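Some notes on the structure that comes next.
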Amino acid sequence: MIRTDAKDGALVLFSGGQDSATCVAWALERYQTVETLGFDYGQRHRVELECREGVRDALKRRFPQWSHKLGDDHLIDLSVLGSISDTAMTRAIEIETASNGLPNTFVPGRNLLFMTIAAAIAYRRGLRALVGGMCETDFSGYPDCRDDTMKALQVALNLGMDTRFVLETPLMWLDKADTWRLAEQLGGAPLVELIRVETHTCYVGERSELHDWGFGCGECPACKLRKRGYDAYLRGESVTEAPA
């Protein structure tokens, strides 16, 4: 029998980065209960996990309309993923494009595993929506960020758990400039500033210098994309080309 007793709540995949923080705000605007979930999988930029608590605390302090909705946080040790992955996200190697055309920051199976674990937790917690920051427009080309992948995964999870999860991907068709705009629409300039200062995107974990667009090395693909998105957002434009 299909489980139908899930409450009006969401579990958000929350890494501590720009996209997932925007998704937390998006969920807080729509659901009565929002819980967050992070994973420690041996990522080089583990500093992003250290940003999670600061982002959550800032959301509670600066947005009283959301504070009562923000529920428990869950952090899962997924070091096994790092141990079986040979990528620039989990190894101190140069970031480059692999022979298959994907950047070597791609961690095979990562989002599939993240969403499956999220579904298991949401099932136990009685939450219906699973929210992730996957998108097809940030030029990385990760196959586990594609809309088709998420739709297929929703079907598989619902069949496998005999329930009615909804996988929400509010950033799926947004570029980085649009993501900044969404933050402004959700929480105005205060949310944009919170995300600029409190979140982390840099692949190499650099957090010693605050740029106009946030902390980072300024040279890795993630930093370049975040900067281009922020600059385009300020100009009222879109990001139309991949970072050089």
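For all residues, glycine too, the Cβ spot is worked out from N, Cα and C.
Annotation for Ser20 (ATP binding site): same-chain Cβ neighbours under 8 Å, separated by at least 6 residues, are Val12, Leu13, Phe14, Gly132, Gly133. Look at Swiss-Prot and you will find Phe14, Ser15, Gly16, Gly17, Gln18, Asp19, Ser20, Ala21, Thr22, Cys23, Val24 tagged as ATP binding site, backed by sequence analysis.
According to its DSSP assignment, Cys220 (Zn(2+) binding site) is coil. The feature Zn(2+) binding site is assigned by Swiss-Prot to Cys202, Cys217, Cys220, Cys223, with sequence analysis given as support.
Most Cβ neighbours within 10 Å, among the binding-site residues Val24, Cys202, Cys217, Cys220, Cys223: Val24 holds that distinction in the structure as shown.
For the pair formed by Cys220 (Zn(2+) binding site) and Thr22 (ATP binding site), distance between Cα atoms is given as 21 Å, rounded to the nearest Å. Comparing local CB density within 10 A for the binding-site residues Gln18, Thr22, the maximum falls on Gln18.
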